[in-house]
Amino acid sequence: MMLPKSLTQGLLLAMLVGTAAMVQPYHLLSLLTSGQGALDRTALDGLLNTLVARVHCTDGPCEKCLSVETALALGKPDKPQLAPESVLESRYITYLSAAAALYLNDPEKTCKDIRAGLLASHVDDYLAKLESPEAMTLGLSQLLQKIEAHDASQPTREETCVDVPQLLEEAEEAGVSRSPGLVLTALLDHVLNGSCFQGLPSPQYFVDFVFRQLSSKPRNITLPELEDLMHHLGVGGEDHSDHGDHVDHSHLDREANHQDSELHATHNSSSSVWDTLCLSAKDVMAVYGLSEEAGVSPQAWAQLTPALVQQQLSEACSSSPIIHVQDQLSQAERYLYGSLATLLICLCAVFGLLLLTCAKCSTATHYIMQTFLSLAVGALTGDALLHLIPKVLGLHTHSGEVHSHEEESIGGQSTWRLLAVLGGFYIFFLFESFFNLLLPRDQDHEKDGPCSHGGHSHGISLQLSPSNLRQSKQPHESSRSDLVTEETPELLNPDTRRLRAELRMLPYLITLGDAVHNFADGLAVGAAFSSTWKTGLATSLAVFCHELPHELGDFAALLHAGLTVKRALLLNLASALTAFAGLYVALAVGVGEEGETWILAVATGLFLYVALCDMLPAMMNVRDQRPWLLFLLHNVGLLGGWTILLLLSLYEDSITF
């Protein structure tokens, strides 16, 4: 039976501000998942009062800067300048929960952000940073520890406190697993209900982890399993004597201890959520209730040893890459920088006009084009081999040590990721093969015999004649669809612009092929900026360098097909705009760290294909009256592209703004 909206709000308000009755859990989470109802001013005021009462700053009670008007303004994230509504709809409870989490984490800073009008943008950034599972676990653990520090009330020994696994489980039961909005809403429910929080695993968790790693069955550790454990830890030696009796006694002792540990096992200790959490020495001492002043006694050392073993076995601090928050971009910054980079790439299409406006300096244009061609080869191969492949394989480590067991764990997945690189290479091979099969064939080339290349195959050798901006005849050509053919009619001669029947489809095939290519480039740029701004910069540079000669070649090929300058420019620009579609798809989908890795793997295959199968043959097939000058320019571009990407790969961790 559907309750009236006013009655629903009244019941919700009673649950929020009632002091005598028991507060029911999950009321905000249920309201969010139902998509019905809203919070009025009275309900919000009671909610915020309860929230502020849970937080205590160093100088006493914290400022109540999170007002009702501020909360209602979160209901208009796209139009914050408009007057707030009288109620906060249920779908915006996610933003309210994120704002409350920021306030619980750092009340003073959040109040400054509210006064500066930055709360809405910081809420979006906070939700975006919790998207990946690793960031979710670490962020929630740190947040719960901050709540513990700011909470004046101390839980009793018998009280079971809320921890990270419980919040994730409640969010999964309510809707989507590991959704930041649902998890933070579940957290806000517990804050309002007066629950205590535990931001670190219990001591029993570390013992349970070791047993889970060694055996899936609830039994004692056997001698072979203990030997494997000691070998993994790098301790112990060869056993040259029979210790059967000793093993039997040890077996009995461990059985008794393990049965005792099973009695004290909790949900906190059995959850695998903590497996990827890297603990500091301060965290380990906090888990076992040890003060920094007193230090670790011999008795306490025996207690915390399982935590050290667990950290070694889980490789939480060695195999997991450290996330540098300063390198990550917020959602708004990803769209801004990604759009600017893609806009610069798309302007390459407009650059084709310079070929017409600077007809008298066509000699310089020819050599500039050849320099960019070699620079594109260097940038593409350099980005693929020096930056993208190490990132795809997880080799961009920020620690000084690389352990052998870490390399073994990466090995299997690395093979599949490298296979994705080959998949990207093969996909674009198939695309261009089918593209060439659909192209009309020139009758003159058919007379050359079965070994000749297709007549209008868009060969990559782009050689602009210094005399009248034409491409000269080449003995060899590759299959790149977005560069000029190797026929010799002059592009600017009006007599040669008569459309033959077999060329009518050529402009559209060129535009379609380039549109798909640019869409893939946009996906690569979007995934790169979703990772870090440094990866986005490197990928954008590589895409820009190879798009410049491509777009100029497209423009020349469209003119050769008989199109007017205006129409050729429009088609070239339209195909370039598909890069924005790929960019926004990659940014909007929110593929996460694992998805970004696979997209970058496929993009690596694309870069290698374009560089080695298209652009490198273009460099090798060019004939010029000044071969040594051309050789020098090719080397400058090739070595320059490699140098730029090498410096970026070596010193990217030292680059800060």
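Every residue, even glycine, has its Cβ placed from backbone N, Cα and C.
ASP521 (Zn(2+) 1 binding site) falls within a helix when secondary structure is assigned with DSSP. Residues or ranges marked as Zn(2+) 1 binding site in Swiss-Prot (evidence: similarity to another entry): HIS517, ASP521, HIS546, HIS550.
The Cβ of ASP521 (Zn(2+) 1 binding site) has ILE345, VAL543, GLU547, ALA579, GLY582, LEU606 as same-chain neighbours under 8 Å, each 6 or more residues away in sequence. The Zn(2+) 2 binding site annotation in Swiss-Prot covers ASN518, ASP521, GLU547 and is backed by similarity to another entry.
Residues annotated as N-linked glycosylation site in Swiss-Prot, with sequence analysis given as evidence: ASN193 (among others).
Taken from Swiss-Prot, the feature N-linked glycosylation site applies to ASN220 (among others), supported by sequence analysis.
Sequence annotations record features per position, and here Swiss-Prot assigns N-linked glycosylation site to ASN268 (among others).
The annotation region 'Disordered' is assigned in Swiss-Prot to 467-491.
Look at Swiss-Prot and you will find 1-22 tagged as signal peptide.
The feature site 'Essential role in Zn(2+) sensing' is assigned by Swiss-Prot to ASP521, with similarity to another entry given as support.
As annotated by Swiss-Prot, topological domain 'Extracellular' applies to 23-335 (among others), with the evidence given as sequence analysis.
For 357-374 (among others), the entry in Swiss-Prot reads topological domain 'Cytoplasmic'.
What Swiss-Prot records for 396-417 (among others) is topological domain 'Extracellular'.
If you look up Swiss-Prot, you'll see 439-508 (among others) marked as topological domain 'Cytoplasmic', on the strength of sequence analysis.
Feature annotation from Swiss-Prot assigns topological domain 'Extracellular' to 529-536 (among others); the stated evidence is sequence analysis. Here the topological domain 'Extracellular' (529-536) has, by DSSP, the following mix of helix, strand and coil residues: 7 helix, 0 strand, 1 coil.
Annotated topological domain 'Cytoplasmic' per Swiss-Prot: 564-568 (among others), in sequence order. Mean per-residue pLDDT, taken over the topological domain 'Cytoplasmic' (564-568), amounts to 80.
Annotated topological domain 'Extracellular' per Swiss-Prot: 590-597 (among others), in sequence order, evidence recorded as sequence analysis.
According to DSSP, the topological domain 'Cytoplasmic' (619-627) comprises 4 helix, 0 strand, 5 coil. What Swiss-Prot records for 619-627 (among others) is topological domain 'Cytoplasmic'.
Stretch with the largest number of CB pairs closer than 8 A to the transmembrane segment (375-395), among 569-589, 598-618, 628-648: 628-648. The most crowded of the recorded positions listed here (ASN193, ASN518) is ASN518, judged by how many other CB atoms sit within 10 Å of its own CB.
For the recorded site, GLU547 (Zn(2+) 2 binding site), the DSSP three-state label reads helix. On a Cα basis, ASN518 (Zn(2+) 2 binding site) lies 52 Å away from ASN193 (N-linked glycosylation site). Taking all protein chains in view, 28 other C-beta atoms sit within 10 angstroms of the C-beta of GLU547 (Zn(2+) 2 binding site).
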